[in-house]
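What follows is a short report on a single structure.
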C-alpha cells in the first residue's frame, strides 16, 4: 500500500480538512435556507437567485459526499465494496462538474443582466433564466457522460493485486486506463475546462469593461472624481467578478496539483494539498454571496451586537 494510505495518522491534516468541510456545509446550508425562505415568503426573485440557490445546493451535496469519502481517508474503516466506491466517486465527480457548469452559466447570466438595452445581449434578458437552466442541464448531462468511465476504473482496493493504481481512499482506488482511453478522457476534460472557463473569462472581461464605462459616464455627469453610491446590480456584478477570478485561479491551481499528483503517486503531501484545494471554492463562495444580501448582513450585525452586549 502506498504512502497515501497512512494519511489517517496525520491528525493536523485531518482536523484542517474536516474544519474546512464543516465551515462549507454550514455556509451553503444557510445560503440555501435563505433562498428557500425568500421564495416561500413571496419575495420577487432576481434572475440570479435560481443559479445561486442551485450552486449552494450542489456545493452542500458535494461537501457532504466529500465528508463521507474523507472518513475513509483519515479514519480507519472496515472497507467499502465496488458498488459503494463507484457510486460515491462518480457522484462526487458529477457534483464537481455541476459546480463548474453552474458557476460558468452564472457569470454569463450576470453579463446579460448588466448589458444596456442597446446591446445585443440585452435581448436575452427575458428568457435568460430559462436558457441558462437548459444550458446547465445540457452541460451537466454531457459531463456525467464523460465521467461514466469511473464505473469501470474505480474499484475496491481489496480487489487489487498490483501497485500502479491511483489512491482515492483506503477502500477505493483508480485503475490505470489504457493510453487511448486516457488520451480521450483527458482531451474531453481539457475541452470542457477550456470552454467553460473561457466563457467565464469572456463574461468577466465584458462586465469589467461595462463597469469601467459606467463609472466614467457617472463621473462625467457628476463633474467630480468621487464615486457614486454603488447600485445593487453593480454590487452583485462585483461579487460575481470576485468569485469568477477566485474560481479560475483555484481551477488552475487544482489542475497543477492534480497533474503533480498523477506524476507522484506516493506523495501524501501532494495528495493532502490536492484534497484541501478542491473544496476551497465551495467553502468560500456562500459567504461571498451572503455578504451582498442586506437582510443577512443586518441580521448578523444585530446578532454580533447582541452577543457583545450580553
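Placed from the backbone N, Cα and C atoms, the Cβ positions cover glycine too.
Annotated features in Swiss-Prot:
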- 85-172: disulfide bond (DISULFID)
- 159: N-linked glycosylation site (CARBOHYD)
- 1-16: topological domain 'Extracellular' (TOPO_DOM)
- 38-49: topological domain 'Cytoplasmic' (TOPO_DOM)
- 71-91: topological domain 'Extracellular' (TOPO_DOM)
- 115-131: topological domain 'Cytoplasmic' (TOPO_DOM)
- 153-193: topological domain 'Extracellular' (TOPO_DOM)
- 215-238: topological domain 'Cytoplasmic' (TOPO_DOM)
- 260-269: topological domain 'Extracellular' (TOPO_DOM)
- 291-310: topological domain 'Cytoplasmic' (TOPO_DOM)
- 17-37: transmembrane segment (TRANSMEM)
- 50-70: transmembrane segment (TRANSMEM)
- 92-114: transmembrane segment (TRANSMEM)
- 132-152: transmembrane segment (TRANSMEM)
- 194-214: transmembrane segment (TRANSMEM)
- 239-259: transmembrane segment (TRANSMEM)
- 270-290: transmembrane segment (TRANSMEM)
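With a cut-off of 8 Å on Cβ pairs spaced 6 or more residues apart, the transmembrane segment (194-214) and the transmembrane segment (270-290) reach fewer than 3 such pairs and are scored as not touching. A simple way to gauge crowding: the CB of residue 85 (disulfide bond) has 25 other CB atoms within 10 angstroms, across all the protein chains here. Cβ environment of residue 172 (disulfide bond): 69, 72, 80, 85, 88, 89, 154, 155, 156, 157 lie under 8 Å away, each six or more residues apart in the same chain. Summarised as a single figure, the pLDDT of the topological domain 'Cytoplasmic' (38-49) averages 78.
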